[in-house]
Structure formats: C-alpha cells, structure tokens
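Student: I have a structure here, written as structure tokens, and I will follow up with some questions on it.
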Amino acid sequence: MIQVLLVIICLAVFPYQVSSIILESGNINNYEVVYPQKVTALPKGAIQQLEQKYEDAMQYQFKVKGEPVVLHLEKNKDFFPEDYSETHYSPDDREITTNPPVEDHCYYYGHIQNDADSTASISACNGLKGYFTLRGVTYLIEPLKIPESEAHAIYKYENVEKEDEDPKKCEFRRAGTECRPARSECDVAEYCTGQSAECPTDVFHSNGKPCLNNFGYCYNGNCPIMYHQCYALFGPNATVGQDGCFEWNKKGESYFYCRKENDVPIPCAPEDIKCGRLFCELIKNTCKYDYSEDPDYGMVDHGTKCGDGKVCINRHCVDVTTAY
C-alpha cells in the first residue's frame with residue numbers, strides 16, 4: 001500500500017520523470033501498479049552459465065486485481081533464424097553486413113501458472129514489456145520509469161481503446177463542460193447541456209472516416225489497424241505479416257479461411273485474404289498467427305483497412321464508400 005501511494009505521489013509531483021509510454025500518451029488512466037518479483041526457475045542442481053545475461057527460463061510473481069499470479073517465461077529460441085544478419089550503411093554509403101551472436105537475447109514466450117489457456121509474449125530487456133492473457137482477458141505490461149523502482153503498469157488491452165467508460169456526472173454544470181472525453185480520434189467528446197444532470201449519449205465520428213494518418217478508417221468510435229491487433233496478440237515486437245502470408249487464407253482449411261458455414265471453413269476469395277486470419281511477423285520473413293475455439297480470435301477485426309479505400313466487413317474486403 002505504501003509503495004502504491006509513493007507511485008501516486010511520484011505521478012503527481014514528478015510527471016516528467018515518470019515517463020512511461022502509457023503516461024506520455026495520456027490515453028490510459030485505468031491501470032494497476034505491480035512489482036514483479038523474480039523467482040528462480042532453474043531446476044534443482046542446475047547452474048546458470050556466467051556469460052549468459054538472460055536466462056533460458058524465468059518466473060515472476062505479482063498480483064492482478066489482488067490475485068497472486070506466477071508468470072512462467074521461456075526464451076524464444078526460434079526468435080532469430082540461424083542465418084540472422086544485420087545490415088547497415090557507413091557514412092560513405094558502403095553496405096556493412098554482420099552476423100552478431102543472438103543466442104543470449106531477451107525475448108520470451110510463456111504462460112500463467114494454473115491457467116492452461118493463458119499465453120504470454122514478453123521482452124525482458126529493460127523490465128517486463130509485452131502482453132499476457134489471464135482467464136481470457138488480455139493485459140499489457142510495461143515498466144514505469146521511476147528511478148530505483150521495480151514498478152510496472154498493467155492494464156487491459158481493451159482500455160487502450162476505451163479510455164473512459166464511466167463519464168462524469170454533469171450535475172447541472174455549466175453548459176459546455178466536458179463530461180466524456182474523446183477516447184480516440186474517431187470518437188467525439190460530449191459536453192454538458194446545462195439542462196440535464198446526465199452526460200449526453202455517447203456518439204462518434206462516422207464509420208469510414210480516415211484515421212491514424214490514413215492507416216485506418218473509423219469503425220464504431222475506434223480506429224482498427226492490423227499493427228495494433230498484432231501488438232495485442234504477440235507483444236511489442238510484432239508487426240504485420242508480409243502480403244504472402246495472407247495467401248494462406250485461400251486454403252479454406254484448419255485455421256486459414258475467411259468464415260465458417262456449418263463449422264466448415266470457407267476459403268477467402270483473392271480480394272478478401274486480408275479479412276481472414278491475421279498474420280503477424282516476429283522474425284523477419286516468417287508468418288505468425290494465433291487461434292482458439294473462439295471463431296473471431298486471431299482473425300482480422302471488422303472495420304480494419306484491407307486496401308486503399310477498402311475495409312473488412314463480414315470477412316469481405318469492400319469499398320469504404322459503400323460499406324456503411
């Protein structure tokens with residue numbers, strides 16, 4: 001309790017020193033402060049190699065909503081391919097390619113103890129940053145940059161897009177007083193009318209309005225883009241898969257399809273392949289995907305941009321001008 005109070009004081013008094021991404025963005029107010037405690041994960045009698053900075057397996061304990069959880073992590077040994085190389089250019093435009101050792105990296109996958117359906121994708125380079133699922137709920141975790149503190153912020157992924165679900169009561173405040181701020185550029189702030197104690201009905205910009213510098217189109221008050229969806233599934237190191245990955249959705253089998261009819265997977269038409277299974281990239285030139293018994297899990301979200309002037313509606317990539 002004292003630690004939580006100190007963090008609150010730091011946030012109030014030293015806002016520029018506590019400069020985590022979520023605080024800098026100002027989009028997340030509803031988060032929980034936790035202090036992950038590392039627990040040895042080495043088998044009894046095992047010896048950690050001295051030259052190895054990042055262990056092959058780690059465990060962390062912390063609480064989520066007052067409930068103790070144990071996060072099991074294993075180094076993702078497939079994160080880098082065997083022929084991994086880095087290329088950069090010198091000041092005189094010479095191409096320089098190196099093959100740095102990548103065995104001792106800091107990228108992990110894992111799960112929550114006693115939750116068979118849980119998953120986790122974590123970067124442990126500087127604190128714990130990434131995501132984990134607990135009882136079907138996706139949480140993001142990242143360190144709060146407070147000097148000499150192990151404080152981390154945990155918040156639900158849904159809160160990234162739903163900053164303020166509980167609007168302030170107007171209580172007959174002066175007309176024009178903001179009672180519900182816009183949660184994204186696709187949302188509209190609501191203001192007290194001066195005639196009612198209730199905040200007006202939540203409204204948002206029209207579906208199909210360009211957002212995030214034309215990377216997406218507004219859909220029901222949000223701006224769904226594939227990059228954010230990959231972040232939620234696989235953590236901060238994920239990006240959108242290459243176009244060739246989405247060709248798999250034309251198979252119409254296993255996990256690669258656009259929709260199901262009577263539990264039979266229906267292949268995507270060539271123009272709809274980016275409205276089926278979502279493909280992300282963690283390792284260069286690889287196709288990463290996820291799935292579950294939930295038919296919508298791991299699929300491209302409705303309203304997502306699937307091409308210039310096109311959005312995904314009912315698993316079809318259609319013209320945004322006629323979609324809504």
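Cβ atoms here come from the backbone N, Cα and C positions, even for glycine.
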Student: Pick from Cys211, Cys218, Cys223, Cys230: the cysteine that Swiss-Prot pairs with Cys280 in a disulfide bond.
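Tutor: Disulfide mapping in Swiss-Prot sends Cys280 to Cys230.
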Student: Which one, Cys186, Cys192, Cys245, is listed by Swiss-Prot as the other cysteine in the disulfide with Cys218?
Tutor: Cys186
Student: Looking at 11-24, 179-192, which one does Swiss-Prot call region 'Inhibits platelet aggregation'?
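Tutor: Of 11-24, 179-192, Swiss-Prot gives region 'Inhibits platelet aggregation' for 179-192.
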Student: Name the cysteine that pairs with Cys268 in a disulphide bond per Swiss-Prot, restricting the answer to Cys258, Cys287.
Tutor: Cys258
Student: In Swiss-Prot, Cys245 is paired in a disulfide bond with which of Cys199, Cys287, Cys306, Cys312?
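Tutor: It is Cys287, per the disulfide annotation in Swiss-Prot.
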Student: Quick test of reading the record: Swiss-Prot lists a disulfide for Cys211. Which of Cys199, Cys223 is on the other end?
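Tutor: Partner cysteine, according to Swiss-Prot: Cys223.
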Student: Could you tally the C-beta atoms, other than its own, that fall within 10 angstroms of the C-beta of Asp187 (Ca(2+) binding site)?
Tutor: 23
Student: Show me the subset of Asn237, Cys268, Cys280, Cys317 whose Cα is within 10 Å of Cys287 (disulfide bond); these are the recorded positions I mean.
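Tutor: So far as Cα distances go, the recorded positions lying within 10 Å of Cys287 (disulfide bond) are Cys280.
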Student: How many helix, strand and coil residues does the domain 'Disintegrin' (168-207) contain under DSSP?
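Tutor: Looking at the domain 'Disintegrin' (168-207) with DSSP, the answer is 0 helix, 7 strand, 33 coil.
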Student: Check the Cα distances from Cys179 (disulfide bond) to each of the binding-site residues Asp187, Glu190, Val203 and keep only the ones within 10 Å.
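Tutor: Of Asp187, Glu190, Val203, within range: Glu190.
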Student: Would you list the other residues of this chain near Ca(2+) - those whose C-beta lies within 8 angstroms of the C-beta centroid of Asp187, Glu190, Asp202, Val203 - in sequence order?
Tutor: Arg180, Ala182, Val188, Ala189, Pro200, Thr201, Phe204, Gly221
Student: I'm trying to understand the geometry here, so how far is the Cα atom of Cys280 (disulfide bond) from the Cα atom of Cys245 (disulfide bond), in Å to the nearest whole number?
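Tutor: On Cα coordinates alone, these residues lie 8 Å apart.
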